[in-house]
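Look at Swiss-Prot and you will find Glu19 tagged as active site, backed by sequence analysis. According to Swiss-Prot, the Zn(2+) binding site annotation covers His18, His22, on the basis of sequence analysis. The domain 'PDZ' annotation in Swiss-Prot covers 200-278. Taken from Swiss-Prot, the feature transmembrane segment covers 102-124, 384-406, 421-443.
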Amino acid sequence: MIKIIIGVVVLGIVVLFHELGHFVAALWCRVEVLSFSVGMGPVLFRKKFGKTEYRLSMLPLGGYCGMKGEQAFQTALDQKLSRIPVEPGSLYAVGPLKRMGIAFAGPLANVLMAVMVLALVSALGSRVHTFGNRISPVYVYDSSDNSPARRVGLQDGDTILRIGDQPIRYFSDIQKIVSQHAQRALPFVIERRGQLMHVTITPDRDAHTGMGRVGIYHYVPLVVAAVDAHGAASRAGLEPEDKILAVAGRRVQHAVQLLALLKEFRKKSVVLTVLRSGKRRYHTIALVRTENGAIDVGIEWKAHTVVIPGTSFFASVRAGIAETLRMCVLTVKGIGMLFRGLQFQQAISGPLRITHVIGDVAQHGFQESFLTGLSQLCEFVALVCVSLFIMNLLPIPILDGGLILFACVELFMQRSIHPRVLYYLQFVGFAFVALIFLCAFWNDVNFLFH
């Protein structure tokens, strides 16, 4: 319940920031704002200052900015007018350039919010938990896998030292580079049993995410960092710093190998050989299977903790801008991938899933430490802000990008667009957005139930 509340509040703040951008720009352009609400739904409190009524509404789902003249378009349709009626201080009383500015200000507020939260992450520093640069290919434990790792012959225990001109220390380094280079050849330097090897790997494009993948797991040594208090490992008596050596007498070296071996057993329990304080011990662990047949042992493996120090004010602002630009580029590429084989229905998420993920990220991060939770939450919020920035600027009627497009056409033609033409364009835009929303809602429902 807590993570749902966190998700709703954070997503609401992101949407409110968007509306605040429209609000400030409207006042700057001398367009009267009749109402500005924090929250949606029934109004709990209202107070008028000047010409604007400020409201506090019941549902913390963002807010809205009501400008004078927004309904003039409907008036023109009802009265079958050839132009949208104009009154002083209304939206259509200002020129197309100012209307473009008002429409652009909402998405701009979101991208500025992304810069601010990412600058905060850089200023505070962060801790990243990751594993080393040794890998375990998926195909070794899944015969149906035909990933690039199999095609180039990567082996269990290989160590990736370099990709292109980038040195590799951690598995997260591999993920970052590979994910951004789908279907682009990358030179790898690999160490295998003391020998250096040079191979070229072209990551496949994942049909669900659009990101590159080569088909590898991280090679995780079997040293226990923590056990789930209600899990099988805890009931078997395993403790932090234990090292698992064997399963039913068969030697194991890393986590993927362990889980694959446990999955083979049809018994209800199995004996683990464990090294604790230099002495061998034997623990019988129950084999608890998940819905998809995987084994859940309730163990968190010991990882590397990488401490990223905080930066100065100006350095953090530069880092915030650079990371926001990187996110913008990746988001635009992701939209382009929708037309190049990416599974559209699986690639979009709606507010339910976004809310759930925000809350999940925050809850797990804050359980580890305040700094980790804040950093992870800020990074995900920045991603949501960038997504709203890009999506709202798409030239689709009823979105901010559509309003900007109409203003550009009006500026070029030196006359306003006929209300009936606007109506048909907005109807098409509404149908398109509604279709996307239905797909996102369906994906959200499937996500929550599975």
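Here the Cβ of each residue, glycine as well, is placed from N, Cα and C on the backbone.
These figures come from a predicted structure and were not determined experimentally.
Take the recorded positions His18, Glu19, His22: by the count of other Cβ atoms within 10 Å of each Cβ, the lowest one is Glu19.
Beyond the ends of the transmembrane segment (384-406), by six or more residues, the same chain brings 11, 14-15, 17-18, 99-100, 103-104, 106-108, 110-111, 113-114, 117, 324, 327-328, 331-332, 335, 354, 358, 417, 422, 425-426, 428-430, 432-433 to within a C-beta distance below 8 angstroms of the stretch.
With helix defined as DSSP H, G or I and strand as E or B, the domain 'PDZ' (200-278) counts 14 helix, 31 strand, 34 coil. In the predicted model, the domain 'PDZ' (200-278) has a mean pLDDT of 89. Under the three-state DSSP scheme, His18 (Zn(2+) binding site) falls in the helix class.
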